[in-house]
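Feature list (source: Swiss-Prot):
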TRANSMEM  28-48  transmembrane segment
TRANSMEM  52-72  transmembrane segment
TRANSMEM  101-121  transmembrane segment
TRANSMEM  122-142  transmembrane segment
TRANSMEM  149-169  transmembrane segment
TRANSMEM  174-194  transmembrane segment
TRANSMEM  218-238  transmembrane segment
TRANSMEM  240-260  transmembrane segment
TRANSMEM  283-303  transmembrane segment
């Protein structure tokens, strides 16, 4: 239940600050920056300017934070009905819808100008494009209409890879495109296991995530397909000359363990295992570890060639 503006004004200042920070979803942004900074090392083939790294990270944080705030503004009706999102600032009344909207728009404008004036305008437009894609295409159009929402909506989360490259080179190349595709094929098998866990929440609010409209067997099969394509694409960097033995070894080992987990989930789904024994969150947690390991290898590889 939303509180009145007068009661919001009585909230401690520190709690209000924490609420606005929560609107940006810092933990998700950490994952986005994990993919941005290593690509800067790859583009530089060494250590990029510390100033450039800091400005790119700040711009990326503000842009993604603005997108997340606008997402919460649009989804405030269903967030109030889902257990997983019931403590978000708009639901608890710590922040009003008007404040959230103004905050999100402000971050979008500031991040675009920061990128354009201190990094380059290619990065600025990519950043703005990611924000608009997430807010308009995913949140407003796809999320409540199709079970493929996270597949195409996930494009927004892939663009930080391109931004990392463009911030250093002010251009594009095949290397960031390949890593963009890695993230594109990573997103569904990353998010679907979580959706399997909380599918009742999504069903309650009418969001047709794939696990809501399809059986666990179907979802697990899709996870395996996307996983194989993701691992295969991740290995394209080396034959094209962008990475060497270290990245290749890490990609093979990390990818192999991912496939082991994905097939394990599929086998449990085929056996019609349900509840905690399905262990779908094992793959979700590993997916975060996988992308962290893979992109650390992207950053380290130039120093070992």
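One-based numbering along the chain as shown.
Note: Cβ is positioned from N, Cα and C throughout, glycine not excepted.
Listed as Cβ neighbours of the transmembrane segment (283-303) (distance under 8 Å, sequence separation of 6 or more from its ends, same chain) are residues 31, 34-35, 37-39, 41-42, 44-46, 179, 182-183, 186, 189-191, 193-194, 197, 223, 234, 237, 243-244, 246-247, 250-251, 254-255, 257-258, 261-262, 265. Annotation: stretch 122-142 has the most Cβ pairs under 8 Å to the transmembrane segment (52-72), among 122-142, 149-169, 174-194, 218-238. Cβ atoms under 8 Å from those of the transmembrane segment (101-121) belong to residues 20, 23-24, 52, 55-56, 58-60, 62-63, 65-70, 73, 95, 127-128, 131, 163, 166-167, 170 of the same chain, restricted to positions at least 6 beyond its ends.
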